Every structure is written in structure tokens, then in C-alpha cells.
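Over in TrEMBL, the protein carries these features:
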type	residues	note
DOMAIN	42-64	domain 'Zinc-ribbon'
TRANSMEM	95-116	transmembrane segment
TRANSMEM	197-217	transmembrane segment
TRANSMEM	229-254	transmembrane segment
TRANSMEM	275-297	transmembrane segment
TRANSMEM	324-344	transmembrane segment
TRANSMEM	365-385	transmembrane segment
TRANSMEM	433-453	transmembrane segment
TRANSMEM	465-486	transmembrane segment
TRANSMEM	506-531	transmembrane segment
Amino acid sequence: MYCKSCGAENSDSSNYCWQDGAYLAGDGRAYQLLTPKNESVYCSNCGEKVAETDNYCQSCGKELFLYKGTEREKQIKPAVSLGFPAFQFSYLKKAFIPSISAFILMLILNAALFLFEQHKFDDLIQNISENNQYFNFVEDLSREVNTDLYPLSHPIGLTDVVMFTHLVEPTFHFSVNGSAGYGDTGSMKGTLHIDTLFLLLIFIPIFSSFCIGVFKGRKQRTDSFYEQIYTAAAIGLIYGIFLSVFSLFSGFSFDRSFASQYYKIHLDFHTSYSFIQCFFTGGFIAAIFSLIGMLFARDYRHFTSHLIGNVSFGHAIHQGFSTFIRGLVSVMAVTVIVVLIQVNKWKENLALLLDISGMDKMTENTSMFATLVGTQLGAFIWNLLHLSPLTNHWKWEDSEGELTYSLFSGLNSSHPEFLPSDADLMNLLDPPIYLKLAVLIPIFLCLFAGYRLTMKNGLSFKEIAVFSLTYSFFMLCLAGISNWTVGTTFFSSDNNLEQSFHFSLGFHLFGVFIRSLLFSYLFAVLGGYLAKKRHIVN
């Protein structure tokens, strides 16, 4: 006989187990092990009946308890490949309909904007042309020969607004060739390149790409992260092609010839947009924000956290993007509120000031005006908070100058004669104390990012470097799309006069990248050391 408690073999005449003293007969209870028991009432080895409290069969000594580890399979998570799989043509097929949908949605939103603001564009052009001798001259000629001047008086149309919302700047070209009855000939030509578009306009293609990304992500939830990346890249490629082809038909064209018995004149005015810039700008916007939309469809609270575990240094990339967005949005929101308060306070004086250039219509809707100006100023301020100086550079013939405005040194110039001589005015232009204190915003965000990275994966200088590179890349993009430039060229054959003018307001891109890289890296490392110190203390 076997002991039902410990399983030791005993003689048939024994009343108690020789090993643990358990009672072998009658209703005595064994010391039951605290392990899961087999629910069967018969021994699986010999078939004899067993009690619920038995650990071993008394007939053959077979153990009756089971271990949990033998009752279920262990689910082993497969290793995640950190390399990208091969691109397949099927991704282009999947992205074709979403690309068209994003482009159509963008056109609808731009059409609504144009219809809402068209009268302001027309009033602006009319106010500019009323006192312009060249426009008056052309109008006099048109009345003599009964020629329609509508394209010239309405140079901004829907196609131009589409280009503006992608921050693709226009270049206006004009040429005049004429001859008099006595054989004298002459010509003039020139260009005007304008890159002073408000940053807020880019939210139309961003919104359309994001919405299509959300719809695509909800429709195909089973797509892997890499499939979503390739789908977004394909959407950007097709969208960029559509926009670049659309640019060939954008702008206005005015080509007229005027003739009388005294003179012959040919006028040519037209607008052009960069085909290459449309492709890359449109493709980049559509690819990035359709991907964000697809990730948003998975989890709207932590949509960039899907990078963690799917790509190398995914957590660092996630922190770089989220830190940039948190800081930029917070600064822009505060700036818009401040501008709105000031516009409402000084609305009459501001409208009077802007009426000089025919732009007083912009202040009719104070909320829209404050949002346009506030987001642009917010982008400038966000770069200033990373110690990058705002630079104003101009060049007119042989004259050239530059003004810089930085957070802690105020207004400076390479030519002191350009600086205001009034000490009170210089003090007024000095950065206010609250703007200097605002530098704590990016400092705190970078400290927090370094803290989070270290608490999750330990202090890794490589991860912090990837975080800083990601953060600096988006700072570079922001500076590139928020800078303002205006350039003109003019040539007249009468006296071989050739003139040019260049004006720019913004930040040097290389300087922004280096300063942002060092700024974010140093404070992220400091945040990492704080996390490491706290971990040691705890």
C-alpha cells in the first residue's frame, strides 16, 4: 500500500505511514498539498477509486496533483523586425483612392475659403492699382482699343489659393515691348517673387490629409505599422504628383497687344509656381499627416506612441515629435489670445494704419486676423525661445543691411546707423521679461522628455541624440515654412537700367537646426540624470 499523503510505499499491515506518520486506513485525512488537483475520482494509472483529498493513489502510488504550467501553452511573442520590408506595387493601388479623396477635399476647402475671402482680394488689388501709374496707363490703353482687363484686375483665383495653402510662393512676371510711329522701340521686364504667406493657411491640406488618414486607418485596422508607413508614402507620392500637375494650370495670364497710329505695345503678365516645390511640399504634407491620421485612428490619445517597439529608437522619435507639438501649440495659443486682445483694443488705429496699403479689410474679422497673425508670431517666438535670432536682411542695388533680434540681446545690426537713435525706442524694443521667462517652456519640455526616456529604457545617450535630431528636424521645417522673403528684378532697355531688391524676415535654417539640437540634447541629458538620481534614491 502507498501513503495517500506522501506516496511512500508501506506494508499492507501498517496503520500509519513510516515516513510522515499519516493514517493509512479509515477516514483519516492526509496533509493535502496546495496545488491544483485532478478532478477525476479514479486514478489515471491503475483505475482505482481515489478520494478528493488524496495526493497519491494508495494502490499504485501515482501522483494525483497537477501543475498549472502543464495545463496551458505559453504564448511567446515573436521577435519584432526593426527593418523595413520590401515595397510592393499594391501599396500604390491602395493609396490611389485616398490620394484623390484628400486632393478633392482640399479643393473643396480652398474653394470655400476663396468664396468667403474673394471680395477682400479684389478690394486689395483695386486699392493697390488705383494710384499706380502703370495700372492707369494700361486701363487707358484698354479703353482706347476696347480690351477686357479682367485677368489683370483679378490676378488671384482659386488655383492661386490652392498654391498659397501649400505655402508654394508665386512669382509674377511682366514684360512690356513697344514701338512708336517714328521707329523708336523699347522694352521693360521684371519679376516679383513673394514668399510672405501666413503659416495658418497650411492647415487646409494638413486637415484634408489627416481626415483621409483617419478614414483609411479605421477602414483597415489590420494593417501593420510598416504597411501604414508605405501606404502614407504612396499617398504622399500620388498627392504630390497631382499638386505639381495642378500647378501648371495655376495662376493668371494676361497677354494683350495695343495698337494705334502712334504706337504699338505688347503686354505680358503671368504667374508661375515651382513644379518641383509643389511635388515635394504637397507630398511631404500628405505623407506625414495621413500617417498621423492612420495612427490617430488606432489610438487618438497616444497616436505617435505606436512607434515604440516598431522601429529603432521609436520612443525617442515619439518624444521628439510630441515635445515639439506640445511646445509649439501652447506658444501659438497664448500668442493668438494676446494678439486678439490687442487687436480689439487698437482696432480703429490699426485699421487706419493698414488703410495706407489697402489692407484695412483684413481687420473686419478680428478673430481671423488675430489667428493669422498670432500663429505666425507664435512660430517666430517659438524659434526665439531656442536662442535663435530673428533676422531681417535687405538688399537694394549697392545698399545692404541686416537687423537681428534675439531674446536676451535685443535689437542689433551689422550697421549701427540702421539702429534707432532714441534710447526710449530702443528700450521699448527690448524683449519683455515675460518673453525671457518663456524660455522655461522648451527647457521644461526637454527635461521632461529626457526624464521619460531614462525612466523607460535607462540613460542612453544614443536615444537622447535621436530625440534631439527628431526635435531639431521639426524645428528646421517650422523655420523654413514660416520665413518671409520678397524679391524683385527690373530691367529697362531705354537706359539699360537694371535693378533688384531683396527683403527677408526669418531665421537662418542651419543656425536653427544647430541651436535646437544642442538646446534639446543638453536639457534632455539633464532630465535623464534627474531621473537616474531619483531611481537611485528610491
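Backbone N, Cα and C define each Cβ position, glycine as well.
TrEMBL entries are annotated by machine, without manual review.
Helix, strand and coil content of the domain 'Zinc-ribbon' (42-64), in residues and according to DSSP, is 0 helix, 4 strand, 19 coil. By the count of Cβ pairs under 8 Å, the stretch nearest in packing to the transmembrane segment (506-531) among 197-217, 275-297, 365-385 is 365-385.
Listed as Cβ neighbours of the transmembrane segment (95-116) (distance under 8 Å, sequence separation of 6 or more from its ends, same chain) are residues 157-158, 161-162, 165, 204-205, 207-209, 211-213, 215-216, 231-232, 234-235, 237-239, 242-243, 286, 290. Remote same-chain partners of the transmembrane segment (465-486), defined as residues 6 or more beyond its termini with a Cβ less than 8 Å from a stretch Cβ, comprise 167, 169, 192-196, 199, 202, 313, 316-317, 319-321, 323-324, 328, 376, 379-380, 382-383, 386, 388, 446, 449-450, 453, 501-507, 509, 512-513, 516-517, 520-521, 524.
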